[in-house]
Amino acid sequence: MRFELTPRASISALWRALAPVLAFITAFLIAGLVIWLMGRSPLAAFQVYVTQPLSDPWALQEILVKATPLALIAIGLSYCFRANLWNIGAEGQYVVGAVLGSWIALRTHGTDAGLWVLPAILLAGIIGGALYGLIPAFLKTRFGVNEILTSLMLVYIAQLILDYLVRGPWRDPKGFNFPQSVTFDPAATLPPIFEAGRVHYGFVFALIAVLVTAVILGRTLFGYRLRLSGDAPRAARFAGFNSKTTTLAVFGISGGLAGLAGMSEVTGQIGQLQPSISPGYGFTAITVAFLGRLNPIGILVAALVVSLTFIGGESAQIMLKLPLDLTQAFQGILLLCVLSADALVSNRIRFVVRGGAK
Amino acid sequence: MTTFEAILLTIVTASTPLLIASLGELVAERSGVLNLGLEGMMAMGASCSFAAAVTFDSTLMGVGAGILAGGFMAALFAVVVLGFAANQVGSGLAVTIFGLGLSGLIGAPFVGARRDPVAPLNIPGLVDIPFIGRLFFGQDLFVYGSIALTVAVGLYLGRARAGLVLRSIGENHASAHALGLPVLRTRFLAILFGGACAGLAGAYLSLVYTRFWSPGMTAGRGWIALALVVFAAWRPRWVLIGAYIFGAATVLQLHAQAAQFGVPSQLLSAVPYLATILALLLLSLRHGRAIGTPGSLGVPFVPDR
């Protein structure tokens, strides 16, 4: 027996909408199988991963906190992926944004610098991320260097820059030699939306990014160009749309949003620079972007769902002694399932018995 | 043994995993499949081989487990990109994310364990030649194997009919399909070969290079191996040269860190990654765009009947 793949004549809207849901369920079943193979109870794990966070008010807030960077980065990545460009270095852009913003936070530390500090920090975060994102874009448009490999290599370099700064010049002199910066001043801290709550204004930025992106994609020429250059690159070239400008623009946007995510996380959540400021948000956001079908609203939902796996993963580590790596493995499987489901929506698989009718 | 000689020996050790992984990826890419899951397959090879080697106290079992683990990940990747014709870049990334996570799960109980060095395969008489003896005739089996693999892949692609079929499928899968060539079967085998090589390269990392396992120990080597294939313009001979240049850069940067020149160690650690970007840039400067790119690279194949 063998199987054959044939393109479907028409793509069902219902299946298109259902595909991510089915992918998610499949990924859950596979993860359950892995947990069962490890000799644990999949049901107990399901309870810790899903049921508990959803019934605990503290964990519900935490879902929004972790969904914030995921949504911001994934929204940015959706611009690149729509244009068929592979920015897989969002993790690095996130880090460099956080570094450049923190530079202002540390320079103004202990001074009465006033209200301009926080906006300046956030702006610096956006600029840092955008400039770092433009490096692979520039190398691609100017010299034709593959953006996948350069953007990924720049992640390692960004992490080393951060590591150098917090162990070297930016280390808190009174910090007992711990590799971390001073704790940021209140003026350089992103406040929580609700008094004494955990959710900071970064979540508002994510919502704004979702809305603005929805408008850009649906209502502007740039959005039309983006969709066209992804779906039909030849047609876009004939229409006179410059793919180089598009490349630079989408990398700038996605880098900027990743930088904003990094800066929001550092000023709103961590409060200082450390050697590690992300549990891999930049890579997980790739899964989020595809799970949300590159659609702004879909990405917001996907970010909340995937954020749940981070929270669940942390409590599973404490309560079930399941390593945090399980979360990463699950996110990888989830992305595989989402992409497979997407492909199966547009192609049909037929099983053919060998020797049967062709 | 002089220091210089020792450095040359470590360069061989650092280059071999890059060479093995790149050769596997080269074959997969020549068949038209871009496998970005290399890093995850290497990580799985490293953890599974180490786990098996410690459990059975056998390097041979370890190597076998590493190859199987790489092959398993490759089969998973192949089902998604060939069976479902899913996006290759995204699926490869997913395999890397999955592999890094799963290798952590598998390796966790073995953190802290150590393996004894693998005995080198000394060629009697020749190994005693001063200076070059150890370097050329006192290496372990992996090193000789990697050189033999380079020659074999070169001959297969350049001289064998099957290699010609594989290349033509990579250049233009629609035409190859029209000629009746088995596109999906060839690609499936090429992906499996690539995965097995990545698993072997991972096994070399944990069993020979470090002789212990730690999370994230592949440290981007899978990605560097991917870059090497581009750098080599998809030619096995140049993969060999490129792998040794990169191995040398890695080792020299480690020695520079030990010597403490007053340069931040992080800057030196960044050398392999900076060098990768620079190599890709120089290549593009010379040729305009990457030459030798297989025509159908990364394009999903759905037969049009």
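Just so it is clear, glycine is given a Cβ too, placed from its N, Cα and C backbone atoms.
Per TrEMBL, these features apply:
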- B:6-24: transmembrane segment (TRANSMEM)
- B:36-56: transmembrane segment (TRANSMEM)
- B:62-85: transmembrane segment (TRANSMEM)
- B:92-111: transmembrane segment (TRANSMEM)
- B:131-157: transmembrane segment (TRANSMEM)
- B:188-206: transmembrane segment (TRANSMEM)
- B:212-231: transmembrane segment (TRANSMEM)
- B:238-255: transmembrane segment (TRANSMEM)
- B:267-285: transmembrane segment (TRANSMEM)
Closest-packing stretch to the transmembrane segment (B:188-206), where packing means Cβ pairs under 8 Å, from B:6-24, B:92-111, B:212-231:
B:6-24
Quick check: do the transmembrane segment (B:36-56) and the transmembrane segment (B:267-285) share at least 3 Cβ pairs under 8 Å, counting only pairs 6+ apart in sequence?
no
Six or more residues out from either end of the transmembrane segment (B:62-85), which same-chain residues have a Cβ under 8 Å from its Cβ atoms?
33, 35, 37, 40-42, 44-54, 56, 91-92, 94-95, 98-99, 115, 184, 187-188, 191-192, 194-200, 202-203, 206-207, 300-302
Which residues of the chain, 6 or more past the ends of the transmembrane segment (B:92-111), have a CB below 8 A from one of its CBs?
34-44, 46-48, 50-51, 54, 73, 76-77, 80-81, 213-216, 218, 222
